[in-house]
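Structure, as structure tokens:
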Amino acid sequence: MTQVAKKILVTCALPYANGSIHLGHMLEHIQADVWVRYQRMRGHEVNFICADDAHGTPIMLKAQQLGITPEQMIGEMSQEHQTDFAGFNISYDNYHSTHSEENRQLSELIYSRLKENGFIKNRTISQLYDPEKGMFLPDRFVKGTCPKCKSPDQYGDNCEVCGATYSPTELIEPKSVVSGATPVMRDSEHFFFDLPSFSEMLQAWTRSGALQEQVANKMQEWFESGLQQWDISRDAPYFGFEIPNAPGKYFYVWLDAPIGYMGSFKNLCDKRGDSVSFDKYWKKDSTAELYHFIGKDIVYFHSLFWPAMLEGSNFRKPTNLFVHGYVTVNGAKMSKSRGTFIKASTWLNHFDADSLRYYYTAKLSSRIDDIDLNLEDFVQRVNADIVNKVVNLASRNAGFINKRFDGVLASELADPQLYKTFTDAAEVIGEAWESREFGKAIREIMALADLANRYVDEQAPWVVAKQEGRDADLQAICSMGINLFRVLMTYLKPVLPKLTERAEAFLNTELTWDGIQQPLLGHKVNPFKALYNRIDMKQVEALVEASKEEVKATAAPVTGPLADDPIQETITFDDFAKVDLRVALIENAEFVEGSDKLLRLTLDLGGEKRNVFSGIRSAYPDPQALIGRHTIMVANLAPRKMRFGISEGMVMAAGPGGKDIFLLSPDAGAKPGHQVK
């Protein structure tokens with residue numbers, strides 16, 4: 001199927017520059033890379049770009065904690081991110097940063113055009129302010145209950161449960177993430193992007209049929225609830241770009257983050273000395289195609305704000321958004337305690353990149369479904385598909401070709417019809433890659449692999465090799481097997497770049513999509529070397545354990561009271577249940593003659609009196625002040641004979657000791673003798 005060459009620009013969502021890349025990130029970058037590699041195989045001109053999202057208060061505060069500048073932190077993080085993506089063979093043409101001169105200029109240009117066109121509004125707003133830290137709180141530094149779906153523990157700008165966006169002031173019971181304080185309201189002038197002005201355009205875009213059905217349906221819900229003006233400014237202190245002619249005001253990170261796609265491409269064009277391509281891809285009437293691969297948590301920003309910003313500043317809109325779901329591990333959310341919150345670099349210390357690329361690809365479709373990385377299934381599938389079906393097809397035939405025929409393949413196909421079955425599948429498999437129905441493509445390829453192995457099983461070259469006068473048959477059978485292997489690896493080339501390199505070295509030819517129409521006949525292959533090793537659960541166990549150890553190593557140091565007085569070893573509930581805690585009324589309190597630490601307390605347990613000696617004298621120099629208070633005592637502690645008498649229990653107190661001892665008291669309404677449960 002001949003295709004007209006297209007110009008395509010592909011992006012992935014920009015990773016935030018305050019943390020490492022993990023397997024959740026890798027789903028998107030692998031999905032996009034497989035699609036990009038397929039497009040390149042079909043002869044299209046593809047520019048594949050990304051960048052670090054490097055602005056915002058979280059980066060500013062983390063840099064402060066580390067004692068370095070934000071610029072130093074994002075520089076180090078960029079190197080780490082690029083190393084991880086290179087390790088997974090993500091074929092970016094350029095990886096940049098939103099903290100760049102290109103991005104600053106483009107952000108100011110888009111803002112100025114929006115302002116000139118009347119889409120920027122100014123007004124004074126009441127904003128959440130942390131009274132303890134003395135700063136306005138960014139959206140992500142306020143948490144509370146979502147005002148839409150009532151889910152707790154949601155950020156101040158959007159809900160990760162229902163996807164809604166809102167103002168931090170709309171949160172129910174907000175708290176400052178920085179200090180834990182309840183924020184107060186303060187006035188500040190802010191700049192707003194007039195999103196409602198683009199409602200008609202956005203609805204037409206939604207109805208165009210290009211967007212995934214789930215995305216279009218979600219957008220329709222947002223239209224029905226009404227679009228709101230979008231706050232695009234933040235107050236100092238803030239790490240980002242200052243808004244022109246507005247001292248102390250900065251672009252909100254979500255304004256300049258998507259512009260980072262443009263900034264990265266501009267940087268690529270400048271590196272190439274190409275002053276023309278930027279406009280060819282981004283001008284209003286561009287015929288190039290623009291695709292954003294993103295997660296479902298940022299659909300709102302990419303489907304509403306971003307196309308509206310582009311429309312309002314006279315740039316082209318995306319051709320489409322390709323949205324994916326989240327990654328779970330072993331059926332549950334990634335967990336640091338269980339060792340399933342796995343960093344990309346940790347994975348590469350235990351497995352190759354192709355294995356994860358294959359597993360994710362086999363599970364992906366064009367729908368926005370979550371993907372479960374079941375580690376046991378991962379091992380089984382990689383061994384069954386890559387090793388047993390594909391690589392084994394080459395290994396079981398290559399030995400005979402190398403040893404008996406000096407690596408030269410037969411001059412004719414043993415089964416031309418079977419070969420045609422394989423090459424005819426190119427259209428179905430190609431369409432599956434094109435439409436991002438990756439799981440379907442893998443199923444089609446593995447069905448062909450089963451056919452190929454069945455052919456070899458039926459022809460039994462190991463038997464033919466022992467029969468005199470059948471050398472030509474042996475060469476033809478094994479050459480057929482190697483040619484089928486070549487077709488399979490061509491179809492898998494977008495998924496398995498490193499295995500493809502080894503396969504191409506063995507086959508002594510480059511694997512191209514159109515090349516499979518001509519089988520390798522009379523062609524000399526190289527000596528066969530192991531192409532891929534089996535994996536096992538011991539590697540998985542080591543991976544999980546390593547992830548747990550990383551969490552321990554990077555855990556925040558314990559501060560406060562726990563640093564000096566750590567929590568004791570865990571006890572069972574049965575152990576705890578043996579302790580009988582009761583409310584007691586302090587009827588009398590007095591000094592103990594001969595002791596500078598003890599007070600003698602007379603306690604009423606609601607019908608029973610107890611005499612207790614307690615080492616709280618330094619904290620309560622006036623024992624009479626304790627009379628009439630309620631406290632908590634251990635009622636079933638064995639009596640202890642002391643020099644001053646018998647102590648018949650223990651009262652509960654908190655604090656490190658000395659003057660810092662605080663007698664515990666129950667809430668109002670508790671009566672002497674009540675059990676504490």
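Note that Cβ sites are derived from N, Cα and C of the backbone, with glycine treated the same way.
Swiss-Prot annotations:
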MOTIF     15-25  motif ''HIGH' region'
BINDING   C146, C149, C159, C162  Zn(2+) binding site
MOTIF     333-337  motif ''KMSKS' region'
BINDING   K336  ATP binding site
DOMAIN    575-677  domain 'tRNA-binding'
* Within the same chain, and leaving aside C146, C149, C159, C162, name every residue whose CB is within 8 angstroms of the centroid of the CB atoms belonging to the recorded Zn(2+) site, in sequence order. => P147, K148, K150, S151, Q154, E160, V161, G163, A164
* Please spell out the DSSP helix, strand and coil residue counts for the motif ''HIGH' region' (15-25). => 3 helix, 2 strand, 6 coil
* Grab the pLDDT values for the motif ''KMSKS' region' (333-337) and give me their mean, rounded. => 87
* Structure fact -> Cβ proximity for the residue listed as 'ATP binding site', under 8 A, sequence spacing 6+, ordered by residue number, returns S547, K548, V551
* Asked: Does C159 (Zn(2+) binding site) have same-chain partners at least 6 apart in sequence with Cβ under 8 Å from its own Cβ, and which are they?
  -> C146, K148, C149, S151, T165, Y166
* **DSSP-assigned states of the motif ''KMSKS' region' (333-337) in counts, ordered helix, strand, coil** => 0 helix, 1 strand, 4 coil
* **Mapped DSSP class for C146 (Zn(2+) binding site), helix or strand or coil** => coil
* To do: Across all the protein chains here, work out how many other Cβ atoms are within 10 Å of the Cβ of C162 (Zn(2+) binding site).
  => 14
* Within the domain 'tRNA-binding' (575-677), residues counted as helix, strand or coil by DSSP -> 7 helix, 47 strand, 49 coil
